[in-house]
Amino acid sequence: MDTLGIFVLISYLGLSSAAGVHLGDLQQNLAANGSVVVSPLNTTDAFSVSINLSQSTVNNCPSLKNAESMALMELLTRLTAPCRYDRMVPPVVHNKDGEEVPMDIYARFYIYVMKNLDSSDLQFTVQGLLQLRYLDPRLAFSSYLPNRRQPIMGESELKKMLWVPHIFLTNEQASTVLGTSAKDELTSIYPNGTVLTSTRLQATLYCWMNFQKFPFDEQKCKTTLESWMYNTTLVQLHWETDNPVSFDKQLQLTEYNLIGSLYNESIRVSNESYMSHGSLEGNYSIISFTVLLTREVGYYVIDYFLPSIMIVTISWVSFWLQADQTPARTTLGCTTLLSFITLSLSQENNLMKVSYVTMSEVWFLVCTIFIFGSLVEFAFVNTIWRRNNDLQLKKRTTKYIVKSTFVPHLKKHRRHGYRRTDSTMSTMSTTSMDKTCGPNNTVITIETPIIIGGSLSREDSAISLDEQDETSTSESSDSSKEKPAQTFATMTPKEVSLWIDRKMRFVFPLSFIVFNALFWTLVYCL
């Protein structure tokens with residue numbers, strides 16, 4: 001009620017009390033000045049006046065007639081007036097039968113940039129445009145502007161006037177809305193009440209990665225959008241049927257190749273035992289898309305695998321060096337081993353520490369075994385090279401050479417029951433003669449050499465005892481029954497060392513080729 005109406009009311013009340021003017025005339029005159037209700041007055045008794053003061057915006061909403069002559073801002077203000085629109089309440093949608101149904105929200109995601117796919121932090125950064133489309137019948141203006149086909153568009157100011165669904169990224173670590181002078185947000189309202197919101201954002205998302213086939217791994221990084229406040233009884237999320245997830249044609253990654261994407265819709269249950277939405281319980285709608293990535297292996301092949309193959313090959317050069325060249329073969333083996341370990345450590349620093357074995361670690365272990373094996377082979381042939389006794393072989397084959405190499409004459413000496421002891425003899429000069437009558441009564445004289453006090457070596461004493469065993473006739477019956485094995489070939493220790501080196505020149509490369517065949521088959525076929 002305005003000031004003019006109150007003034008007229010007081011004037012008429014004063015006149016009626018003084019001159020007895022009828023109250024009906026007063027009500028007729030006040031009808032055009034506001035919503036004032038005056039109770040009937042009794043001129044003889046004290047009268048009372050009841051005035052109902054209320055705002056015109058509550059009783060009467062702003063009219064939308066002649067909307068064609070209104071400015072867009074005025075039209076939006078009247079459409080979103082509190083008497084018509086409550087931005088705190090989601091729109092109510094009915095089906096064809098008039099039943100209330102959940103509101104469908106359709107999403108589309110356009111990705112401009114993907115970067116910082118960090119294996120150590122298990123995260124990646126994405127810049128994209130997120131669009132949400134839904135129907136709000138309260139904002140339909142086709143009946144007021146039948147000739148308008150274009151949507152009403154605005155930025156963040158328009159968005160603040162509307163109800164907008166709260167959608168969040170469940171695996172985000174940080175996110176922000178992009179923009180320079182203002183946030184890059186665009187809101188469009190179509191004549192039928194369809195609302196389309198577009199937001200350009202940047203988000204750092206968590207991505208669980210599996211490195212079992214590193215560096216030949218394929219990663220699947222997932223992005224999940226979920227309704228925060230409203231469960232499936234009110235809001236349901238869906239992907240657009242046409243290109244729900246798309247990528248910029250100029251999108252390039254430094255370490256990965258983008259091979260495609262998958263998208264999915266699901267439901268998450270929130271209850272007392274799984275409080276994903278705080279104190280809110282119910283089923284919440286989820287939409288997600290997964291980016292399929294394959295790692296670029298060019299860098300690792302050139303900087304790791306080829307150099308490691310060359311280092312392993314260089315370690316085999318020692319097989320062409322003579323077994324007594326200790327400095328050369330030792331230096332070559334140690335240098336190649338240390339070089340390969342240094343090369344591997346520089347690559348492993350790029351990988352997150354995981355509890356399972358990766359393909360790169362398998363490669364590292366096998367290559368280390370090959371390099372270390374060449375060092376062990378040198379130590380073995382060098383030991384054989386320094387032996388003094390020849391090897392007695394039945395046949396000059398690998399079987400008997402290896403057997404004679406690992407099982408020396410010690411076995412034969414133990415079989416005859418002799419112990420290797422150091423014998424010390426004092427200075428003496430004796431000549432012993434064993435006379436044995438031959439078939440023709442011939443006397444055989446055996447002269448024993450004089451041994452001047454000294455210590456016999458283990459090997460010489462064993463040989464001396466062995467020779468006496470073969471010529472003596474007074475041995476026990478058990479030892480006389482055993483006959484020494486017949487030998488058909490003899491090899492010197494140097495010949496054995498050279499023979500082993502020649503064999504290793506083929507065994508090591510062939511074994512490494514077989515390993516490579518198995519390794520690359522597992523990499524690309526499993």
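Heads up, residue numbers simply count up from 1 along the chain you see.
Each residue, glycine too, has its Cβ placed from N, Cα and C.
Because the structure is a prediction, the values reported are computed rather than measured.
As annotated by Swiss-Prot, N-linked glycosylation site applies to ASN33 (among others), with the evidence given as sequence analysis.
As annotated by Swiss-Prot, N-linked glycosylation site applies to ASN42 (among others).
For ASN52 (among others), the entry in Swiss-Prot reads N-linked glycosylation site, with the evidence type sequence analysis.
Among the features that Swiss-Prot reports, N-linked glycosylation site is placed at ASN192 (among others). Shown in sequence order, LEU135, ALA140, SER142 are the residues of the chain, 6+ apart in sequence, with a C-beta less than 8 angstroms from the C-beta of ASN192 (N-linked glycosylation site).
In the structure as shown, the Cβ atom of ASN231 (N-linked glycosylation site) sits within 10 Å of 20 other Cβ atoms. For the recorded site, ASN231 (N-linked glycosylation site), the DSSP three-state label reads coil. According to Swiss-Prot, the feature N-linked glycosylation site maps to ASN231 (among others).
In three-state terms derived from DSSP, ASN264 (N-linked glycosylation site) belongs to an extended strand segment. Counted within 10 Å of its Cβ, the other Cβ atoms near ASN264 (N-linked glycosylation site) come to 12, all protein chains included. Here Swiss-Prot flags ASN264 (among others) as N-linked glycosylation site, drawing on sequence analysis.
Positions annotated as N-linked glycosylation site by Swiss-Prot: ASN271 (among others). For ASN271 (N-linked glycosylation site), the count of additional Cβ atoms within 10 Å of its Cβ stands at 12 [all protein chains shown].
The Cβ of ASN283 (N-linked glycosylation site) lies under 8 Å from the Cβ of ASN231, THR232, ILE267, ARG268, VAL269, SER270, each of these being in the same chain and 6 or more residues away along the sequence. For the recorded site, ASN283 (N-linked glycosylation site), the DSSP three-state label reads strand. As annotated by Swiss-Prot, N-linked glycosylation site applies to ASN283 (among others), with the evidence given as sequence analysis.
The signal peptide annotation in Swiss-Prot covers 1-18.
Look at Swiss-Prot and you will find 19-300 (among others) tagged as topological domain 'Extracellular'.
Panel annotation: around the topological domain 'Cytoplasmic' (322-327), residues 378, 381-382, 384-386, 494, 497-498, 501 of the same chain, lying at least six beyond its termini, place a Cβ under 8 Å from a Cβ of the stretch. What Swiss-Prot lists as topological domain 'Cytoplasmic' is 322-327 (among others).
As annotated by Swiss-Prot, topological domain 'Extracellular' applies to 348-360 (among others). Sequence-remote contacts of a segment are chain residues at least 6 beyond its ends whose Cβ falls under 8 Å from one of its Cβ atoms, and for the topological domain 'Extracellular' (348-360) they are 119-120, 122, 209, 211-216, 300, 304, 519, 522-523.
Per Swiss-Prot, the feature topological domain 'Cytoplasmic' maps to 382-505 (among others); the stated evidence is a curator's inference.
According to Swiss-Prot, the transmembrane segment annotation covers 301-321 (among others). Sequence-remote contacts of a segment are chain residues at least 6 beyond its ends whose Cβ falls under 8 Å from one of its Cβ atoms, and for the transmembrane segment (301-321) they are 215, 328-329, 332-333, 336-337, 339-340, 343-344, 347, 360, 363, 367, 370-371, 374, 377-378, 501-502, 504-505, 508-509, 512.
Among residues of the same chain six or more beyond the transmembrane segment (328-347), those with a C-beta under 8 A of the stretch's C-beta atoms are 300, 303-304, 307-308, 311-312, 314-315, 317-318, 321, 360, 364, 367-368, 371-372, 374-375, 378, 382. As annotated by Swiss-Prot, transmembrane segment applies to 328-347 (among others), with the evidence given as sequence analysis.
The transmembrane segment annotation in Swiss-Prot covers 361-381 (among others).
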Work out how many Å separate ASN264 (N-linked glycosylation site) and ASN271 (N-linked glycosylation site) at their Cα atoms, rounded off.
23
What residues elsewhere in the chain lie close to the transmembrane segment (361-381), defined as a C-beta under 8 angstroms and at least 6 residues from its ends?
305, 308, 311-312, 315-316, 318-319, 323, 329-330, 333-334, 336-337, 340-341, 344, 497, 500-501, 504, 508, 511-512, 515, 519
What average pLDDT is reported by the model for the topological domain 'Extracellular' (19-300)?
82
Using a Cβ cut-off under 8 Å, which residues of the same chain at least 6 positions beyond either end of the transmembrane segment (506-526) come close to it?
213, 216, 312-313, 316, 319, 359, 362-363, 366, 370, 373-374
